[in-house]
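Asks: For reference, Swiss-Prot lists these features for the protein:
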TOPO_DOM  1-21  topological domain 'Cytoplasmic'
TRANSMEM  22-42  transmembrane segment
TRANSMEM  71-91  transmembrane segment
TOPO_DOM  92-95  topological domain 'Cytoplasmic'
TRANSMEM  96-116  transmembrane segment
CARBOHYD  ASN145  N-linked glycosylation site
TOPO_DOM  197-210  topological domain 'Cytoplasmic'
TRANSMEM  211-231  transmembrane segment
TOPO_DOM  273-277  topological domain 'Cytoplasmic'
TRANSMEM  278-298  transmembrane segment
TRANSMEM  324-344  transmembrane segment
TOPO_DOM  345-350  topological domain 'Cytoplasmic'
TRANSMEM  351-371  transmembrane segment
TRANSMEM  372-392  transmembrane segment
TOPO_DOM  393-415  topological domain 'Cytoplasmic'
TRANSMEM  416-436  transmembrane segment
TRANSMEM  444-464  transmembrane segment
TOPO_DOM  465-482  topological domain 'Cytoplasmic'
TRANSMEM  483-499  transmembrane segment
TRANSMEM  515-535  transmembrane segment
TOPO_DOM  536-726  topological domain 'Cytoplasmic'
MOD_RES   SER546  phosphoserine
REGION    675-726  region 'Disordered'
COMPBIAS  676-685  compositional bias 'Low complexity'
COMPBIAS  688-705  compositional bias 'Basic and acidic residues'
Amino acid sequence: MEPSDAARPGPGRAFRGLSPRLLLLPLLPVLLGRGLRAGAAASSGAAAEDSSAMEELATEKEAEESHRQDSVSLLTFILLLTLTILTIWLFKHRRVRFLHETGLAMIYGLIVGVILRYGTPATSGHDKSLSCTQEDRAFSTLLVNVSGKFFEYTLKGEISPGKINNVEQNDMLRKVTFDPEVFFNILLPPIIFHAGYSLKKRHFFRNLGSILAYAFLGTAVSCFIIGNLMYGVVKLMKIVGQLSDKFYYTDCLFFGAIISATDPVTVLAIFNELHADVDLYALLFGESVLNDAVAIVLSSSIVAYQPAGLNTHAFDAAAFFKSVGIFLGIFSGSFTMGAVTGVVTALVTKFTKLHCFPLLETALFFLMSWSTFLLAEACGFTGVVAVLFCGITQAHYTYNNLSVESRSRSKQLFEVLHFLAENFIFSYMGLALFTFQKHVFSPIFIIGAFVAIFLGRAAHIYPLSFFLNLGRRHKIGWNFQHMMMFSGLRGAMAFALAIRDTASYARQMMFTTTLLIVFFTVWVIGGGTTPMLSWLNIRVGVEELSEEDQNENRWQYFRVGVDPDQDPPPNNDSFQVLQGDGMDSVGGSRTKQESAWIFRLWYIFDHNYLKPILTHSGPPLTTTLPAWCGLLARCLTSPQVYDNQEPLREDDSDFILTEGDLTLTYGDSTVTANGSSSSYTASTSLECGRRTKSSSEEVLERDLGMGDQKVSSRGTPLVFPLQENA
C-alpha cells in the first residue's frame, strides 16, 4: 500500500524545520560581492571627483599665473616706453652729442632682456618632450588624446635640440616674445600712414624724380648687389665648414631685399631739430618712405619665385619675368587700393554731416585708414604700400573735408600712435637679442653683410646721383651724396621683415644679422649725424614757417635758382639777391612747357575735377564740365563752393602753384605773376610778366632737368615770396 500524499515529504517541508539564518548562507557570497563592488565604485567615484577637482584647481592656478605673467610683460614694455619718453624730454634740455634717444631705447631693451634672460627662474614640470614619427611636415594643429580627454595644440615653430631645456622652459621669455604678425598688423600701419599723412608734398614733389629713382632703381640695385655678395659669403662658409644647413641663392636675394629697406628715423629726427636743408631732408625722407614699400614688395616677389623642374632654386627666365610681373602687380594693386580707400573716405566726409560730430568723424577717419592695410593684406596685396598712398590721398583730399577739431585730432592721434609704435619696436629690438629663441650667430656672415650693405649703398647713391645730375639743373652735390650714403640706417621695416619668417636655418641667420646691423647703424650712424653735418658743411638752421603762419597766409621766401649746397646769400626785408645770369633764366624758361607737361596736366585735372568732386574746394563743376553734364555737376559740387569762390586750402597740399600764389618784390615795386605791377614802369612790368608766364610750373621743374627756375629783372636774379597753402 502506497503512502498517502500527506505522508510524502515535499521540498518545502524538508527544510521547514531549519533556521531562516541558515537559509541565507548560500546568498552571502553574492551579497558580499555586490557590496564590495558598490563600495569600490563609490570610492573610485570619490577619487575621480577629487582628481577632477584637483585638475580644475591646477588649471585655475595656471590660468592665474599666465594672466599675471601677461600683465608683467605688458607692464615691462610700458615702463620701457615711459623711460624712453622721459629720456627724450631730458635730451630736449641737454643733448648728448654722440647718442640719440632711439639708440638709448634699444639700450634699455637690452638691459631688460638681460634681466629676463638670466634673472627669471626657469619653470619645470610643465613641458614634456614626446617622440613621434610623421611622413609629412609638422602639423599646424595637433589633437592629443590623454586618458580619454582631447587637448588641442598649435605649432609655434621648430626648436633646436640644444635649447629645449634652456630658453623654452622659461614662461616669462615666451610671454615677451610677440607674434611677428603683431608688428605687421598693429605696429607698422600707424608708422607708415603717418609718413604719408604728414608728408610735406611741396618739397617731396619738387624732388619727385630723384626720389623715385633712389627708391625704385636704387633699392633694386642694392638688393641684387647685396644678394650676390652674400651668395659668395655663403659659398665661403660652406668651404670652411661653418654652414650647417641649406642656404640658397634665393635666400641671399631675400636678405638683400629686406636689408635694403632703409629707415633713417634717427637722422631725420636730428635734421628736423637742426632745421637742415629741406631738399636733403626731402630726398632722404622720400627715399625711405618709398624704399620701405619697394623692399617689402620685392621680398614678396623673390619668395614667389618658383622655377620649373626639380631644382627649385635654379635660374629660370620664365620664373624671373613672372616674379617681375608679380612685383608690378602687387605694387600697382596696393597703390590703387590705397588711393581708392582715400577717395571713398573723402566722399563720405564730403556728402555727410559728420563734421557736426568731430568724435564720429575722427573715429571713422581712423578706422577707414587702418582698414586699408588689412584690406590690402586680405586681398593678397601689400598693406604697407596701400596705407602709405592712402595717407597721401587722405592728406590731399579728405583733410579738406574735416572739421577744424577733427583735423587737429587726426594729426595728433596718428602722431602719437606713430611715436609709440616706433619706440616700442626699437625697445623690442634690444629685448629680442636675449629673449628670441632662434638666434644663429655666424661671424663670417655678419662681417660679410656689413661689407655688402656698404658696397650696395655706395652703388645705390653715387652712380644714380651722377645720372640724375645730368638732367638736374640743381645738382645733388657731393656733400649731399656723402650724407645720403652715411644715412643708410636700417630700422623698423628691416626688423619686421626679418622676424616675420624665422622657420628655416637661413632665415634665423638673417634675422640675427639684421638685428646686429640695426644696432650698429642706429648707435654709430645715428650718433655721428651731427658731426657729419658739420664736417660736410651742410647748412642747418633753415627756418620754415609754422603751420599757424601758413594758415594765416603769411609770406615765405623761397629760394629759386640757387644750388642748395651753397650758403644762403645776404638778404634784406624786401628781396633776396641771388648770384646768376638773367639770360640763363630766359633760356631755361623756354623748356618749361616741354618738360613739365605731365605735371601741368595732372594739376589741371586735379584742380578742375578731382578737388571739386572730392572736397569742398576748387571751381564749381558747372563751370568745368561740359553742359550735358550739368545735372551731375550740380550733384557733385559742394554748396560751399558757390558760397565762397575762393578755394579752401590745405596744409602744404598744392605742389604746383597757381598764378595768384606768386609775387615778385623789387625795391618798392610789386609784380604779380600775371604781369600787373604797382609803383613800377610799364616796360618792366611787361618784362616780368613774360618771365613769369609759366610760374605755376616753376616749382615742378626743379627735378630731372625741368627747366631753369631763375627769375630776373634788369640782369639781377630775384627770389620771390610764395604764399604757402594753408
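Just so you know, glycine gets a Cβ as well, placed from its N, Cα and C.
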Asks: Could you count the residues of the topological domain 'Cytoplasmic' (465-482) that DSSP puts in helix, in strand and in coil?
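Replies: Secondary-structure composition of the topological domain 'Cytoplasmic' (465-482): 12 helix, 0 strand, 6 coil.
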Asks: Calculate the per-residue pLDDT averaged over the topological domain 'Cytoplasmic' (345-350) and state the result as an integer.
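Replies: For the topological domain 'Cytoplasmic' (345-350), the model's average pLDDT rounds to 92.
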Asks: Please list the DSSP helix, strand and coil residue counts for the topological domain 'Cytoplasmic' (92-95).
Replies: 2 helix, 0 strand, 2 coil
Asks: What are the non-local neighbours of ASN145 (N-linked glycosylation site), defined as same-chain residues 6+ apart in sequence with CB under 8 A from its CB?
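Replies: Sequence-distant Cβ neighbours: none.
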Asks: Do the transmembrane segment (515-535) and the transmembrane segment (444-464) share at least 3 Cβ pairs closer than 8 Å, excluding pairs fewer than 6 residues apart in sequence?
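Replies: Between the transmembrane segment (444-464) and the transmembrane segment (515-535), which are separate recorded stretches, there is contact, as judged by 3 or more close Cβ pairs.
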Asks: Quick one: do the transmembrane segment (96-116) and the transmembrane segment (324-344) have at least 3 Cβ pairs under 8 Å, skipping pairs fewer than 6 apart in sequence?
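Replies: No, these stretches are not in contact.
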Asks: Looking only at residues six or more beyond either end of the transmembrane segment (483-499), which have a C-beta under 8 A from one in the stretch?
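Replies: For the transmembrane segment (483-499), the far contacts come to 180, 183-184, 187-188, 191, 214, 257-259, 261-267, 280, 283-284, 287, 292, 295-296, 299, 384, 422, 425-426, 429, 432, 453, 457-458, 460-462, 465, 507, 510-511, 514-515, 517-518, 521-522, 525-526, 528-529, 532-533, 536, 538.
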Asks: To the transmembrane segment (278-298), which of 324-344, 416-436, 444-464 is linked by the most Cβ pairs under 8 Å?
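Replies: Comparing 324-344, 416-436, 444-464 against the transmembrane segment (278-298), the winner is 324-344.
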Asks: Sort out the residues at least 6 away from either end of the transmembrane segment (444-464), same chain, that have Cβ-Cβ distances under 8 Å to it, and list them.
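Replies: Residues 213-214, 217-219, 221-223, 225-226, 229-230, 232-234, 236-237, 240, 242, 255-256, 259-260, 481, 484-485, 488, 490, 509, 512-513, 516-517, 520.
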Asks: Could you tell me how many residues in the topological domain 'Cytoplasmic' (197-210) are helical, how many are strand and how many are coil under DSSP?
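Replies: So the topological domain 'Cytoplasmic' (197-210) is made up of 10 helix, 0 strand, 4 coil.
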Asks: Determine how many residues of the topological domain 'Cytoplasmic' (393-415) DSSP places in helix, in strand and in coil.
Replies: 21 helix, 0 strand, 2 coil
